[in-house]
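S.K.: Not my notes, these are from Swiss-Prot:
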- Asn14, Asn67, Gly77, Asn78, Asn166, Asn199, Glu217, Arg218, Gly227, Thr228: substrate binding site (BINDING)
- Cys76: active site, proton donor (ACT_SITE)
- Cys226: active site, proton acceptor (ACT_SITE)
Amino acid sequence: MRSFSFTKMHGLGNSYIYVDLFRETLPEEELPAIARSVADVHTGIGSDGLILICPSEKAPVKMRIFNSDGSEGKNCGNGLRCVAKYAYEHGIVSDRTFLIETLSGLVEARVAVADGEVTSVTVDMGEPRLERSAIPMLGPEAERVVAEPFAIAGGEYEITAVSMGNPHVIFYVDDIQKAPVTTLGPLVEKDPRFPEGVNVEFVEVVNERELHFRVWERGSGVTQACGTGACAAVVASVLNGKTARGEETVVHLAGGDLTIVWGHDGRVRMTGPAETVCTGVYYYRGGRNG
């Protein structure tokens, strides 16, 4: 049996198993299997996936994320806040503002600290990409997808698509409690019009400063929160005239609230909590199948 030390953390209920690769070593070829194993609620630890906290040549720390199905993701807003908290509290960084490398590029994080503990994290999520080719979604590459008709499973909808370094598609609903997250979500995620798959968000507009939000995440299914998805929802709401550019919007997720602003400088900034759940040692047999 092999083993490694882990920390379980969550951002608004979006939980991952975090492994510090400044101190641990995991075989690259086994990472998808390890992610599937630790995510299993019955035979593993139970989480939405695996996040590696890695050395970087471009920043003080690098984040790699593996979904619960073993696929590697490019970005995760809730994960970034947890990585920032871990890096500061474990001495990987000493400054309260620092860069984190992701597969989507470099991200700036700023931690708020009280009595040595990180209480909240603000992450500069960068500029959204809106052209169809950046999502990616089939169709005219340079066009934006804003309130575009979308037919699926016998229904007619309107969608807005946003890339926050990973793909998102937003559906507006009148009642978030009745949103077809588990029925429409998986169908849209794997729809061939999205060649790399897509995260599917359902949004109810409360007012121009508040949104209710539910998500079906690509590779993970229903989760309590999705930071990049909440950012995409705010961008989509500005594009559709439902919220205001440059103003803070509170997004109510199943796991709690995020405060997000799409600034006039083009950048999206997200503020929210990050929590440590537990630490431990995980035992596994090794091999590509776990």
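Each residue, glycine too, has its Cβ placed from N, Cα and C.
Each of these features: where is it, how hidden is it, and who are its neighbours?
M.R.: DSSP classifies Asn14 (substrate binding site) as strand under the three-state reduction.
Residue density at Cys76 (active site, proton donor): 29 other Cβ atoms are found within 10 A of its Cβ, drawing on all protein chains shown. The secondary structure of Cys76 (active site, proton donor), as reduced to three states from DSSP, is coil rather than helix or strand.
The C-beta environment of Cys226 (active site, proton acceptor), restricted to residues of the same chain at least 6 apart in sequence and closer than 8 Å, consists of Asn14, Cys76, Gly77, Asn78, Asn199, Glu201, Val215, Glu217, Leu253. Cys226 (active site, proton acceptor) carries neither a helix nor a strand DSSP state and counts as coil.
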S.K.: Need the DSSP three-state call for Asn166 (substrate binding site) to compare against my parser.
M.R.: coil
S.K.: Across all the protein chains here, work out how many other Cβ atoms are within 10 Å of the Cβ of Asn166 (substrate binding site).
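M.R.: 26, counting other Cβ atoms within 10 Å of Asn166 (substrate binding site).
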S.K.: Within 10 Å of its Cβ, which one of these binding-site residues (Gly77, Gly227) has the largest number of other Cβ atoms?
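M.R.: For the binding-site residues Gly77, Gly227, the Cβ with the most other Cβ atoms within 10 Å is Gly77.
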S.K.: What's the number of neighbouring CB atoms sitting within 10 A of the CB on Glu217 (substrate binding site)?
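M.R.: By my count, 28.
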